[in-house]
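In what follows, a single structure is set out as structure tokens and then discussed.
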């Protein structure tokens, strides 16, 4: 049986990415941001392949069509676009994978650890919480993997999400690409980040990885930036309006949680 690793990659947590303009196709700085996203992804793929793993990469930024397949190492399986399932940035993950790796991860909406803080959609929420704690995209992605028994082995991103990932998934190995200071970022060099990813993944593949503590119930809360979006989300079956702009939902399983998140945010 092939040894397989799943890599989910984003852009906002990559070294040098500081402004929202850089994250949008065709805007100033996008080409440089994509170059760094590609560099960090390639470093991750190579580290896994050198250890004998087959690699699947999910392009998880915006429309999911950013990475140039020709720039990825030979043998890489690339998932682009969105498969219209609740798994979103983890589309195609299954128990066949030995572990999950997260590249370009960023701190959640409501945090002060990056100028690019957001969860799912930039500008839609003041914050998203799960069981009372700020929830990042990594929060949901690691839970998605965990429902199949797949540990999150490694994460690269801003210093804030590295700390949060270590708390949420004890055993995960992380590599900080930068730290946020107000509207600025203090970045490591791309070469240092690529080397840190390679070294970190080598260490992670030799360890158990991290599995989040699973719960009997998940309380999902959104503080929307607009009352209109809050009202729309409140019509999802089982959702409750908890304030002018706060909507909550209680899920009994990870898939129920991810499904509610998908429908309550794609409005």
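Cβ atoms are placed via backbone N, Cα and C, with glycine included.
The structure displayed is predicted, hence computed values, not measured ones.
What TrEMBL says about this protein:
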type	residues	note
BINDING	10, 61, 106, 137	Zn(2+) 2 binding site
BINDING	10, 12	Zn(2+) 1 binding site
ACT_SITE	118	active site, nucleophile
Which one of these binding-site residues, 61, 106, has the sparsest Cβ neighbourhood, judged by other Cβ atoms within 10 angstroms?
61
8 Å Cβ shell about 10, 61, 106, 137 centroid, Zn(2+) 2 site members excluded:
9, 11, 12, 13, 60, 89, 104, 105, 157
For the recorded positions 118, 137, work out the Cβ neighbour count at 10 Å and name the residue with the minimum.
118
